[in-house]
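Taken from TrEMBL, the feature ATP binding site applies to Lys50, Gly57, Arg58, Gly59, Val113, Glu123. Under the heading Mg(2+) binding site, TrEMBL lists Asn215, Asp229. As annotated by TrEMBL, substrate binding site applies to Asn280, Gly337, Ile338, Val339. The domain 'ATP-grasp fold succinyl-CoA synthetase-type' annotation in TrEMBL covers 2-216. Residues annotated as domain 'ATP-citrate synthase/succinyl-CoA ligase C-terminal' in TrEMBL: 278-396.
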Amino acid sequence: MNIHEYQGKELLKKYGVAIQEGIVVDSADKVVEASKELREQTGTDWIVVKAQIHAGGRGKGTVVGTDYNGVMLGKSPEDAAEKAKQLLGNVLVTHQTGEEGKKVNKVLLAQDVYYKGESEIKEFYVAVLLDRDKNCNVIMASREGGMDIEEVAESNPDAIIKEWIDPKLGLQPFQAQKVAFALGLKGKALKEMTKFIKSLYAAYIGIDASQVEINPAFKTSDDRVLAVDSKIDLDDNAFYRHKDLAALRDESEESPLEVEASQFGLNYVKLDGNVGCMVNGAGLAMATMDMIKLAGGEPANFLDVGGGASAETVEKGFRIILKDPNVKAILINIFGGIVRCDRVANGVVEAYKNIGKIDVPIIVRLQGTNAEEGAEIIKGSGLNVISATVLKEAADRVKEVLAN
Ligand code: GDP
Ligand code: MN
């Protein structure tokens, strides 16, 4: 689960990571007062106005229909309020949001840490994440901070420093220092960066994150190292021991259909295509999506109704698929193991009865336990259903209905 920059910074601070301080607000009316408070707390003159959305690239993004971007400098509390007004309630498009952009509901007013007139600005990239190939955590760092790290990885992979952490030993102090040294730091800055990396790693472990990315980690002219940005991905499987972290969820950042699906315990991911699919088992769901693509369609979603799906869950899943206006056909692909095909068929028919009119064609492939009973139920329901036996055939039917 992703969280906002301001939430991430608050968590990091608890673990001793030095941050660019700020105050978050949800309305332009509060900006002048909050900016004055920030000036008092931090001694800052200018105020950095930062859109809070679950996407990066804000500094280079644009507010739809304007020349404003997602990170701006307010030279006075009034100027900050003017800039916040351009963000709040409006849509920000960045290279990570897709062209539909994201609505800004909150802005972070942050202290300006880039001292004016400074010739040497030092932005670093520092992240901790899980290396799935090496089965351990890795610290990644680069002197090319402030830039898109994927770009750096492509054009100049040697510029990325990696330090792998033995899961039994944890981060050893010398490793943090080694990374800081490799970043070219000396003296006080080296010590500060070493401390920064140690605290960042402690935070990563403490909050059960799957990724903590600081871009930029900023070295001030007096050699302190601060987190100017934070991108944190929390592992929701660990929420049973972090009730406070689960509460950081911002549902307005998520696709409404995904939020609804999660309430029913469905594994649903919204995609951009036109073929809705309902499958049991994640592996079969992936294979089904591949078949849809091979047949020339694009999956509208990933949906795994799970091994123990009841008629009710199937109905819920079916309704969610139908709420997506892009869906032009639905492919139901069930292999009856623990879940019986007749149950799935009942779920589909129930949903159909309760929803009333369904315009899109439905291709159904039921195999395994009680497949024949399932087929009978669907045949007798009056649904506009096309049956298929093998997966390839189902995909071909999808192709045909899309062509019509
Ligand atoms: P992102 O574009 O979404 O990654 O947002 P960041 O938080 O990384 O900020 C983007 C850019 O804003 C930074 O790379 C800086 O150039 C600029 N910026 C952020 N904080 C400050 C600050 O305190 N002072 C100044 N002058 N610029 C800042
Ligand atoms: Mn950034």
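Note that Cβ sites are derived from N, Cα and C of the backbone, with glycine treated the same way.
TrEMBL entries are annotated by machine, without manual review.
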Between Gly57 (ATP binding site) and Asp229 (Mg(2+) binding site), find the distance joining the two CA atoms and give it rounded to the nearest Å.
11
Which of these binding-site residues (Gly57, Gly59, Asn280, Ile338) have a C-beta closer than 6 Å to some atom of ligand 2?
none
Under a threshold of 6 Å between Cβ and any atom of ligand 1, which of the binding-site residues Asn280, Gly337, Ile338, Val339 are retained?
none
Out of these binding-site residues, Lys50, Arg58, which one has the fewest other C-beta atoms within 10 Å of its own C-beta?
Arg58
Same-chain shell around substrate excluding Asn280, Gly337, Ile338, Val339, C-beta within 8 angstroms of the CB centroid, reads Gly281, Gly306, Gly307, Gly308, Ala309, Ile334, Phe335, Gly336, Arg340, Gly368, Thr369
For Lys50 (ATP binding site), which of the three DSSP-derived states applies: helix, strand, or coil?
strand
Please identify, from the binding-site residues Glu123, Asp229, the residue with the sparsest Cβ neighbourhood, meaning fewest other Cβ atoms within 10 angstroms.
Glu123
Within 10 Å of each Cβ, count the other Cβ atoms and name the one among the binding-site residues Val113, Ile338, Val339 with the highest count.
Val339
Cα proximity to Asp229 (Mg(2+) binding site), best match among binding-site residues Lys50, Val113, Ile338, Val339:
Lys50
Euclidean distance between Cα atoms of Asn215 (Mg(2+) binding site) and Lys50 (ATP binding site), Å
14
